[in-house]
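One structure is given below, encoded as structure tokens.
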Amino acid sequence: RGPQSMGVLSPLSLFLHFFVCSADYSAYLDGGGAALRFFVIGDIGGMPIWDVTSTQKEVARAMIDRARGIKSIINLGDNFYFTGVMSDSDPRFNTTFEYVYRDTRVPWLTIAGNHDHFGNVQAQISYTSKSKLWYFPAPYYNKMYQEGDVSVEFVMLDTIELCGNSVDVQTGSMWDVIKDAIKKKWNGEEMEPKDPVIAERQWAWLEKKLNESRADYLFVAGHYPVYSVSSHGPTECLVDRLVPLLKKYNVTGYFAGHDHSLQHLHSEGITYIVSGAGSRSDQSTGYKDKLRARGVTTYWHYPPFSLLHVLSQLGVNDGGFVELDISKNIAIVLYFNKKGEIKYKSNLYPRWMAIPSSNIGKSIDGEL
């Protein structure tokens, strides 16, 4: 789970730990050793000019090539750029989602991002009844998986309800979004929840679900990252309110998108994974030193520096996704680029395991 003190371990404990990890690691390349497998991806929302980006198509093909045996896909929001959708019959459900990902053939556990809140989030929830792939039953919800003696729980949040949006626009045009963003920056306004009562209701629900969970692996997912080295940086609302809950209830890890990159970070026993490169990418690491000063370790970030960075937000450069291969004693986290190449791996461990992790990350090709 994280870089904790190993203490004194008996020779038998060390042998068993090495044996279990080695056996699971040997099968990770094809996912064959995992009882439960999931993809994690965010920011798949295409573009309003062309409904799907070239990077998005390549990432989708890489996912489809590995989709056999996948249980479901964790979809971290910003599903339709730049202003969401207005109805559950919007053609972009087909052009940006169904036509691109239909061959994954598994449920997409979906939440809303800030761009989705510029439109009608309820329309995305309603679309659940029209699709075999799209699963978005409520603004926030939880989902349990059990395979043999392995259990995994995902708690899916609406972090925009919890913390507010970057601009105060709903059902507006892109020009409205730009105008309000300029106004807020000019006035130095901070994000805050639109409806504090609704936000507190979700916070109470979250703590209840975390307290009730008996899953071997417990993950929380939201669109906004708690910590990120990229353009948006940390979300202070989540640092203040969510981090204490993650620590209190021994959560395995937190997944987020929002920043268009792949990241592996760690702080105070909790793993933070950003997977927001589903349709475009961001090579920024502008917050890395600031996070280090706060005690947050950045193990890896993708993509690396490129002179083509100016084109990356148009979805014509890098992209990628994350895969979880979960077994009883270890979870292998694989980080793929848009070509389906493994660029990095890290490990997570079940909440009950007494032996902490001494190998939480390993670079595949030394890109960091």
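The backbone N, Cα and C atoms fix where each Cβ goes, glycine too.
Curation plays no part in TrEMBL annotations; they are all automatic predictions.
Per TrEMBL, the cysteine from Cys21, Cys163 that shares a disulfide bond with Cys237 is Cys163.
Averaged across the domain 'Calcineurin-like phosphoesterase' (36-261), pLDDT in this predicted model comes to 92. Cα to Cα, Cys163 (disulfide bond) and Asn114 (Fe cation 2 binding site) are separated by 10 Å. Spacing of His260 (Fe cation 1 binding site) relative to His223 (Fe cation 2 binding site) is 11 Å (Cα to Cα, whole number).
For Asp78 (Fe cation 1 binding site), the Cβ neighbour count at a 10 Å cut-off comes to 28, with all displayed protein chains included.
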